[in-house]
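Student: What Swiss-Prot lists as motif ''HIGH' region' is 11-21. The Zn(2+) binding site annotation in Swiss-Prot covers C143, C146, C156, C159 and rests on sequence analysis. The motif ''KMSKS' region' feature in Swiss-Prot is assigned to 326-330. Positions annotated as ATP binding site by Swiss-Prot, on the basis of sequence analysis: T329. According to Swiss-Prot, the feature domain 'tRNA-binding' maps to 581-676.
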Amino acid sequence: MSKLFISCALPYANGPCHLGHLRSTYIPADIYARYNRMTGVDTLMVCSTDEHGTPIAVRAEQEKKNPKDITDIYHEIIGNDLKSCNISLDSFRRTTDEIHYKMAQDFFLDLYNKGYIYEKVIDQLYCDECKRSLPDRYVEGTCPYCESEGARGDQCEVCGRHLNPTDLVEPHCLICDSTPHIEQSKQYYFKLHEFEQPLKEWINSNEHLPKNVKNFAKEWLNDGLKDWIMTRDMNWGIPVPLNDAEGKVLYVWAEAFEGYQSSAASWANKHDLDWKEYWDDKTVHFIGKDIIYHHTLFWPSMLMGRGWNLPYSVVGGGYLSLEGRKMSTSKGWVIWVEDFLKKFDSDLLRYYMVINAPLNKDTDFSWDDFQRRVNNELTDNLGNFIHRTFTFTNKFFDGKIPEMGSYTDEDKEFEEKIKALPDVVANYIDNFQFREGLQGIMSLTKEANKYFNDKKPWKGVKEDIESAKTCINLSNQLVHVLSIVLTPYIPISVQKIRKVLNMPTEHVDGFMKFEERTPLVKWDEAKEFLPAGYEINSAKPLFSKIPDEIIKEEKDKLYSLEEENKENEDDNMSDLISIDEFGKVKLVVGQIKEAQKIDGSENLLKLQVDLGKEVRQVVAGIAKRYEVDELIDKKVIVVANLQPAKLFGVESNGMLLATDSMELLTTEGNVGEYIK
C-alpha cells in the first residue's frame, strides 16, 4: 500500500484561528487527506503549534508571563478550532515537545558536522537597560527605505522590505523603550548559496508544484540566494547544541519545519510505526502563500543537506480578505473560527471557503455572498435535488429504488455524466484543484434538477411509469455517488445522506482516531450503481436557508467590534484638524498610464499618473492588492500638493487615496478635475 505524508503549516501559538487560516491551509489539506484515505492510500496528516520565536517572547515579557503559559492556552484553543472544523489530523503536537527539541537539535548537528553551518560575527543591537541582545521583533524604528515609522526589526509592513534590526533608523527596544547600541555577536549561518543550483533543478523539474508556488520560488532564485542565519541570542527557544553556544537558540525557521517530522514521530512511536516510511513515499506541504519562500528554498535546501527526500509538492493557498478589506486582528476586522461556529455548521464554512475561488488566488469573505451561496447552491440546488429524490422514492416506490424503465438519449447522457463524475473529481483533487472538483459536483447537481424537472416524474407515475422509473433510478444513483465524492468536502452532511441510503456512516468529527483511519466507504464504490429494489430510509432536508436577520446580526457585530477597537485606539480624537487645514489638501482626478514593480520591494509600485496638465510619478504601496495590468487607465484620486518624498530610493510626487485594505478610491470624474 502506498503511503502519504501530509503536513499543515504550523499555526503560531499566540492567537486563535481565523477564517483565513482555514481557507488557505487546513480545509484544503483535509480534503486531500480524506480523498487519499478513500482511495486506499495509507495517509498520515500532521500539524503542531509553533511555540517559539520573538513575537511570543516579546508578548510574554510585556505581560510578565512565562512564554509557555501563553502557548499552553493557545495550543488548546487552536486544537479546538481545528477539531470543530473536522480537520482530520492524525497528530497535533507542539514544538515545545521534548521529541521536537531532540529532533531539531539532531538536524542542526547533522548539517553542522557536514560543513553546511558555519560561524559568523555580525553586528547586533544591544539594550543596556535590559542587558541583552535584541532579536528582530524586540526592536522597532523607522524604515530606512520608505521612512515609515513603526517598522519591525525583521520587516517593514509599509514597503514590504525585509530588514535587519541594525537597518532601522532611530531604533528603540520594545520592552523598555530605550535606544540600543550596536555590538558584535557570533551567530551560525547555513550555506544556502551552495544549494542554489540544486534548488533550481528541483523547482524547474517538479511537475507537481502548483504554478503560483513555482513562479514565486523562481523570483527569489533569480535574485540569488544569500546564506541564512540559523540562531538567535534569546532564552526562549531550542538551545543550540554546541558547547560554545551558550545563550543562543535555534531561529524559529531553523526548527519549525522539523515540527512536521516530530509530530509524525510522536504518532509513529505511539503506534509502533516508522514515520519516515510515509515521508519517503510521498510528502505534500499545505501552507499559506506568505511562507512559500521558506518551504521552497530554506526547507528543501536543509533536506538536501541532510540527504533526505524532498517534498512531492508544496501547495500555497491565497489570502482571505473580509468584506473587501484586509483582515486585521488588532483592529477587530476579523472572524474567529470559534465565533463563526457558534451560529453555523462547519460544512457551510468548508463549502464556502472552497467554492469561492481557486486555492492559489486571493479571495474575499462576504456575509451576503456566504448567505447567497448557502441558500442558492447548498439548499436550493444540492439539498433540493437530494431531498426530492428521497421523498419521491419513498412516496411513489415504497422507499425502494425502481428498476430502469424506458431509456431515452436524455437518460443515457445523464447516466454517462453520473458514471464519469468520480474520475472527474478525483483528477481535480489529485492536482490540488479542489474548487474545480467541487464545481464539477455542483454543476451536475444543477443539471440533475433540470433533468428531474424535464422528466416530470410526478406526472410520469400516472401517465408514463417507465419514464418515471428511469428518472428516479438515475437520480438515486447520483445521490449515491454524491454521498461518496462529497465526503472530502462536507463530511458531516454526507453522513446524513448515507444514513438515508443505508450505507456505513463514520465518525468524521474532530481529529482522526487511529482505529478509524481506514474509511468504511471507498472512492471506487462511487462507480458502482445501487441495484433495483435497494431500500432507503425516510429523509429530512439536508440544509436550511440562512435568514436575513442572522446575516444582519453578524455584520452588525463585525462593524461594532471594529468601531470598539477604533475607540480604544484613540478615545479622545486628539488628531482632529480644522476645516482650514483640510482645505489646503488638493485632491485631483488622475489616470494611471504606466505601472511597474520596484526592484526589491514586495509592496511598492512606481506609477505614472496623468493629472491633465502634467504626468506625475507616484509611488504607491499597492503591489499586494493589484496586478500591474489591471491598474492601467484606472481613474484615481491623487493628493497633488504633497512635498516630494523618496520611497525605496524612488521619488514620489503625490499620494493615491486608498482604504486600509489598499483598495484604491476611484472616480468617474474628468482627468485633472479638482475634488472639493
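Backbone N, Cα and C define each Cβ position, glycine as well.
A description of the local structural setting of each listed feature is requested, covering burial, neighbours and distances.
Tutor: If you take every residue in the motif ''HIGH' region' (11-21) and average the pLDDT, you get 97.
T329 (ATP binding site) carries neither a helix nor a strand DSSP state and counts as coil.
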Student: Can you tell me how far the Cα of C159 (Zn(2+) binding site) sits from the Cα of T329 (ATP binding site), in Å?
Tutor: 20
Student: Quick one: give me the count of other CB atoms within 10 A of the CB of C159 (Zn(2+) binding site).
Tutor: 24
Student: From the Cα of T329 (ATP binding site) across to the Cα of C143 (Zn(2+) binding site), what is the distance in angstrom?
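Tutor: Each residue's Cα considered, C143 (Zn(2+) binding site) and T329 (ATP binding site) end up 23 Å apart.
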Student: How long is the line from the C-alpha of T329 (ATP binding site) to the C-alpha of C146 (Zn(2+) binding site), rounded to the nearest angstrom?
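Tutor: The Cα atom of T329 (ATP binding site) is 24 Å away from the Cα atom of C146 (Zn(2+) binding site).
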Student: Among the binding-site residues listed here, C143, C146, C156, which has the most company in the form of other Cβ atoms within 10 Å of its Cβ?
Tutor: C156
Student: Please list, for the motif ''HIGH' region' (11-21), how many residues fall into helix, strand and coil according to DSSP.
Tutor: 3 helix, 2 strand, 6 coil
Student: Relative to the Cβ position of T329 (ATP binding site), how many further Cβ atoms are located within 10 Å?
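Tutor: Counting Cβ neighbours of T329 (ATP binding site) within 10 Å gives 12.
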Student: For the domain 'tRNA-binding' (581-676), what are the DSSP-based totals of helix, strand and coil residues?
Tutor: 6 helix, 41 strand, 49 coil
